[in-house]
Amino acid sequence: MRGYLVAIFLSAVFLYYVLHCILWGTNVYWAAPVEMKRRNKIQPCLSKPAFASLLRFHQFHPFLCAADFRKIASLYGSDKFDLPYGMRTSAEYFRLALSKLQSCDLFDEFDNIPCKKCVVVGNGGVLKNKTLGEKIDSYDVIIRMNNGPVLGHEEEVGRRTTFRLFYPESVFSDPIHNDPNTTVILTAFKPHDLRWLLELLMGDKINTNGFWKKPALNLIYKPYQIRILDPFIIRTAAYELLHFPKVFPKNQKPKHPTTGIIAITLAFYICHEVHLAGFKYNFSDLKSPLHYYGNATMSLMNKNAYHNVTAEQLFLKDIIEKNLVINLTQD
């Protein structure tokens with residue numbers, strides 16, 4: 001009798017395995033069923049990307065949606081962390097801001113290119129005189145960040161932008177920088193960031209308290225262009241890629257990933273191949289340009305107390321040397 005039950009159990013296990021292979025395909029880059037059902041916008045590839053080992057979950061939908069953001073937060077643990085790594089004490093701010101947005105889609109409905117090749121364009125001074133504009137424009141997806149301009153720098157950084165990450169203190173306020181084909185992504189570091197977006201979308205007076213510098217007082221983007229980044233992406237960057245401690249000593253300011261590292265993490269979740277440009281800093285010369293635009297020098301980055309630039313540079317060096325990404329501005 002016992003042998004009979006064991007045979008039934010083993011048969012059931014084998015049947016489950018066979019069905020699993022049929023449904024998901026052992027050679028297809030796996031995506032969680034809930035994500036595939038939710039947003040079938042990331043085309044699966046027949047091979048894993050070079051950086052697959054860095055991620056616990058794959059093809060995670062990076063933008064929050066009004067209809068199910070609480071469910072997704074509970075599923076991936078974002079309800080257990082505060083901003084910028086979760087929404088434990090800010091869920092109502094998220095709900096209100098999301099209710100004013102028109103879409104949480106990843107790509108255009110007509111975009112069916114599988115296995116996307118992406119470039120993440122940093123704002124580093126290393127881009128000066130590199131004439132990478134045409135090369136950058138050739139990628140399927142181009143991710144930029146903050147107020148790194150395209151206008152006037154097309155030869156160096158290209159013309160196209162698929163996604164642009166921003167926060168209230170770093171967003172463009174001059175309409176000449178608005179490309180209607182660009183999707184802009186709010187990276188919320190604090191509840192004030194969500195309140196700021198809500199006030200702009202509702203046409204209310206902007207409360208500028210609680211920001212490290214004066215935020216934009218007008219929004220040059222239309223609601224259809226705006227998305228809110230899932231804090232899970234920022235948490236992945238901090239804890240799994242940069243290995244930041246979850247609790248910093250009392251005598252230290254907590255460190256958070258830069259927008260650049262967050263942008264790379266986003267690319268890992270939506271792209272099959274990731275290239276980088278503009279992520280190299282020249283710390284040996286503090287008078288060298290910090291950005292490919294403007295007059296800021298490296299001395300500003302050296303004084304930054306909110307980011308661990310050393311940890312980020314070591315991470316970038318590691319993924320480049322292991323060929324997990326390709327660096328277009330490698331000297």
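Even glycines carry a Cβ here, placed using N, Cα and C.
What Swiss-Prot records for this protein:
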- ASN129: N-linked glycosylation site (CARBOHYD)
- ASN181: N-linked glycosylation site (CARBOHYD)
- ASN282: N-linked glycosylation site (CARBOHYD)
- ASN295: N-linked glycosylation site (CARBOHYD)
- ASN308: N-linked glycosylation site (CARBOHYD)
- ASN327: N-linked glycosylation site (CARBOHYD)
- 1-4: topological domain 'Cytoplasmic' (TOPO_DOM)
- 26-331: topological domain 'Lumenal' (TOPO_DOM)
- 5-25: transmembrane segment (TRANSMEM)
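What Swiss-Prot annotates, mapped onto the structure for a quick look.
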residue: ASN129; record: N-linked glycosylation site; contacts (Cβ under 8 Å, 6+ apart): GLU156
residue: ASN181; record: N-linked glycosylation site; contacts (Cβ under 8 Å, 6+ apart): ARG160, THR161
residue: ASN282; record: N-linked glycosylation site; contacts (Cβ under 8 Å, 6+ apart): GLY125, VAL126, SER288, MET298
residue: ASN295; record: N-linked glycosylation site; contacts (Cβ under 8 Å, 6+ apart): PRO289
residue: ASN308; record: N-linked glycosylation site; contacts (Cβ under 8 Å, 6+ apart): LEU242, PHE244, LYS255
residue: ASN327; record: N-linked glycosylation site; contacts (Cβ under 8 Å, 6+ apart): HIS275, LEU276, ALA277, PHE279, LYS280, LEU316, ILE320
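ASN327 (N-linked glycosylation site) falls within a strand segment according to DSSP.
Secondary structure at ASN282 (N-linked glycosylation site), taken from DSSP and collapsed to helix, strand or coil, is coil. Confidence for the topological domain 'Lumenal' (26-331), expressed as mean pLDDT, is 90.
Look at ASN129 (N-linked glycosylation site): DSSP puts it in coil.
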